[in-house]
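Peer 1: For reference, the structure I am asking about is given below.
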């Protein structure tokens, strides 16, 4: 099973991706995670990527396809995989097709923009462990302190409201074209994937069940 998981920043893609990964025993390929690891390394490329993300822009197609191509060649992708954060543009989708990457499902987790802004700007993170909190939906016991260590929580530099709005604008402009691309997609070497739209403004468990119900139909 090969799935592309779509969803605006804050839609809960990462959470659903982990659940799908465990249920179907497929590899979760998150370009966001790979990019953050590169930034954390402090390399020249990492510094360049940080500037791009801080400005609310998208990472180049060339870089994204390069890291995805390398990742899907690993043995844990033999049973299938879930692409989280790619493709985001038509050129990326076309490059995946050229690589012979056949997609079975396009799953979009849909959430209204005002809710996404609230979700993202309220996020707080413990850098060392990756534990995530939210000022409204999942607050720490002590404000801005990690529950386990008591260490300070941080806000990602790209989680401010202006940057989030810019990211959402870019997402909607590009994803609409991407969905049309896959809906009209035809190739002698590739079957047309099934497009599934899921209401993401529900409890995590309900979103997961809606996804499973659709995936199990085929």
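Using N, Cα and C of the backbone, Cβ positions are placed for all residues, glycine too.
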Peer 1: Taking Swiss-Prot at its word that 31, 36, 57, 58, 59, 92, 156 bind AMP, choose the one of 131, 167 listed for that site.
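Peer 2: Of 131, 167, 167 joins 31, 36, 57, 58, 59, 92, 156 in the AMP site that Swiss-Prot records.
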Peer 1: Need a hand: Swiss-Prot gives 10, 11, 12, 13, 14, 15, 132, 133, 202 for ATP, which of 123, 183 is also on that list?
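Peer 2: Among the candidates, Swiss-Prot records only 123 at this ATP site.
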Peer 1: Including all protein chains shown, what's the count of other C-beta atoms within 10 A of the C-beta of residue 123 (ATP binding site)?
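Peer 2: Its Cβ has 18 other Cβ atoms within 10 Å.
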Peer 1: Using Cα coordinates, what distance in whole Å links residue 133 (ATP binding site) and residue 92 (AMP binding site)?
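Peer 2: Cα to Cα, residue 133 (ATP binding site) and residue 92 (AMP binding site) are separated by 32 Å.
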Peer 1: Give the nonlocal contacts of the region 'NMP' (30-59) in its own chain as ranges (CB under 8 Å, at least six residues past its ends).
Peer 2: 14, 17, 67-68, 71, 83-86, 88-89, 157-158, 162-164, 166-167, 170, 174
